[in-house]
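Engineer: Features from Swiss-Prot:
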BINDING   6-30  NAD(+) binding site
BINDING   Ser140  substrate binding site
ACT_SITE  Tyr153  active site, proton acceptor
Amino acid sequence: MTKTAVITGSTSGIGLAIARTLAKAGANIVLNGFGAPDEIRTVTDEVAGLSSGTVLHHPADMTKPSEIADMMAMVADRFGGADILVNNAGVQFVEKIEDFPVEQWDRIIAVNLSSSFHTIRGAIPPMKKKGWGRIINIASAHGLVASPFKSAYVAAKHGIMGLTKTVALEVAESGVTVNSICPGYVLTPLVEKQIPDQARTRGITEEQVINEVMLKGQPTKKFITVEQVASLALYLAGDDAAQITGTHVSMDGGWTAQ
């Protein structure tokens, strides 16, 4: 039977790479994310060309619970619910705590943490009914450790780790697994945007941000690729990972081993 995968924040970066990989494996794909209409159409058509199943896009804003509920209801009506849920949507803002805008805190917590609560809440009932499901939360090395100037992001990602463990325990006997992937620095549009932001905040050059801030903490001195994260997600979405639940897998070039 063809599985249906819902991937939030999947019009670029890690989410798009996961969508491509699951599409190649034959899954129906529900994309989600912002972009100009032409860009969304191009991405949807590209992913559709990789899958033998159905590929569509839902524009739910991850800061709006009603839109998330509408997306999950659409998936239930169209496909009988999500078999695979990948919570990947994420935003970032870098600033000293005393200057951190309240609206940015609220936005980051909403997108990076609360949206996962809402998608999981909608996904679990159909998964329980089927007796099978995979929930994969894209957390971060910042779900395990902290860095300066990222109070909201670090708080949200630590929250994702707690949410992952709690839900995994609640559904442990239902055939549903819940895990987190904790990447280090992956060269995505989100990370690329951080480079000039951190250069401004720290008063250093962009090259220094890359070499002395980002990759300094990764012993391999290399960015993780989106394809590497996607391959791990594919494994966690499969039957071979049925006994992996309530945990995280770090993919951080050795960052959190230090």
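The count begins at 1 with the first shown residue.
The backbone N, Cα and C atoms fix where each Cβ goes, and this holds for glycine too.
How about a rundown of where these features are and what they're close to?
Structural biologist: Around Ser10 (NAD(+) binding site), the same-chain residues at least 6 positions away in sequence with a Cβ under 8 Å from its Cβ are Leu16, Ile18, Ala19, Ile29, Leu31, Asn32, Gly33, Val86, Asn88.
Applying an 8 A CB threshold to same-chain residues 6+ apart, the list for Ser140 (substrate binding site) reads Tyr153, Lys157, Cys182, Pro183.
Cβ contacts within 10 Å of Tyr153 (active site, proton acceptor), excluding its own Cβ and spanning all protein chains shown: 27.
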Engineer: Long-range same-chain neighbours of Val30 (NAD(+) binding site), Cβ under 8 Å, sequence gap at least 6?
Structural biologist: Thr4, Ala5, Val6, Ile7, Leu56, His57, His58, Met71, Val75, Phe79, Ala82
Engineer: Are there residues of the same chain, six or more positions away from Leu22 (NAD(+) binding site), whose CB falls under 8 angstroms from its CB, and which are they?
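Structural biologist: Residues satisfying the criterion: Ala5, Ile7, Ile29, Ile84, Ala233, Leu234, Ala237.
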Engineer: Could you tally the C-beta atoms, other than its own, that fall within 10 angstroms of the C-beta of Gly26 (NAD(+) binding site)?
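Structural biologist: There are 12 of them.
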Engineer: What is the number of other Cβ atoms found within 10 Å of the Cβ of Ile14 (NAD(+) binding site)?
Structural biologist: 29
